[in-house]
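Feature list (source: TrEMBL):
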type     : residues : note
DOMAIN   : 42-291   : domain 'G-protein coupled receptors family 1 profile'
TRANSMEM : 26-52    : transmembrane segment
TRANSMEM : 59-80    : transmembrane segment
TRANSMEM : 100-121  : transmembrane segment
TRANSMEM : 141-163  : transmembrane segment
TRANSMEM : 199-226  : transmembrane segment
TRANSMEM : 238-261  : transmembrane segment
TRANSMEM : 273-293  : transmembrane segment
Amino acid sequence: MGMWLNQSSIDGFILLGIFSHSQTDLVLFSAVMMVFMVALCGNVLLISLIYIDPRLHTPMYFFLSQLSLMDLMLVCNIVPKMAVNFLTGRKSISFVGCGIQIGFFVSLVGSEGLLLGLMAYDRYVAISHPLHYPVLMSQRVCLQIAGSSWAFGILDGMIQMVAAMSLPYCGSRTLDHFFCEVPTLLKLACADTSLFDTLLFACCVFMLLLPFSIIVASYARILGAVLHMRSVQARKKALATCSSHLTAVSLFYGAAMFIYLRPRRHRVPSHDKVVSIFYTVLTPMLNPLIYSLRNREVMGALRKGLGHCRIDNQH
């Protein structure tokens with residue numbers, strides 16, 4: 001019961017945010033809101049195209065639609081609350097609100113980390129074993145891959161949310177961040193958090209380092225297979241697909257590892273806030289742009305959709 005009776009569970013927390021009301025910060029806030037809108041529209045558009053166009057009903061696009069759904073939920077979990085706090089000047093977040101934000105955030109980042117790793121394996125199978133691809137990546141396998149990414153992510157989110165909300169918070173209620181992130185919240189706990197720190201590190205090794213290792217191994221094999229291709233055109237196409245995937249992956253994992261796998265003594269709040277922008281706002285915007293604008297099938301589906309709209313309007 002003690003967890004619900006400490007002071008912070010009654011009053012909630014104060015989020016200092018990332019922006020002040022200076023001219024420069026107003027411009028930066030506007031830029032973040034524009035990125036948020038592009039992320040919102042880009043991911044909704046990509047999910048819609050993949051759902052509507054039969055040509056995009058393939059394993060790679062199924063995984064992309066799941067990635068877009070995760071990105072969509074991630075930006076909606078963080079940015080609207082940050083914007084409301086900035087625009088109204090009210091910087092509070094309730095204890096329950098903070099717990100919900102942690103649960104969603106950790107679940108989505110964990111799921112996305114695992115999915116990106118399994119998407120790299122999908123590309124490896126497609127490029128290295130094209131003849132066996134339909135069997136190795138059957139609909140059942142695709143559903144199992146997506147389902148396991150969501151399941152492990154949600155489990156990680158639930159563990160971290162329950163553990164973080166069980167700690168007593170009886171000192172300062174001020175979080176030097178723009179959303180409730182576990183490492184920042186732990187600094188306010190008036191109890192020994194060394195066990196939680198170890199649990200957090202173990203979770204992050206599993207959710208970040210394991211899929212990142214799969215990605216490095218998959219792309220090393222892919223590069224070997226690509227360099228042995230006789231057709232220059234096929235080689236170019238394979239490299240374009242993989243380089244765009246690697247760009248998104250590097251941004252996401254680089255930022256997440258910087259936040260979660262560093263020793264606590266090396267953490268600086270201002271650095272953490274800026275880096276958090278990368279995988280809470282920037283990556284969700286870049287994913288649909290990277291995967292769609294550099295992709296002939298998606299652009300073809302978009303043109304087809306726009307063509308239908310034009311015909312309907314003329315009638």
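Note: Cβ is positioned from N, Cα and C throughout, glycine not excepted.
TrEMBL labels come from automatic prediction, so no person has curated them.
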Mean per-residue pLDDT computed across the domain 'G-protein coupled receptors family 1 profile' (42-291): 86
Range from 26-52, 100-121, 141-163, 238-261 with the greatest count of C-beta pairs under 8 A to the transmembrane segment (199-226): 238-261
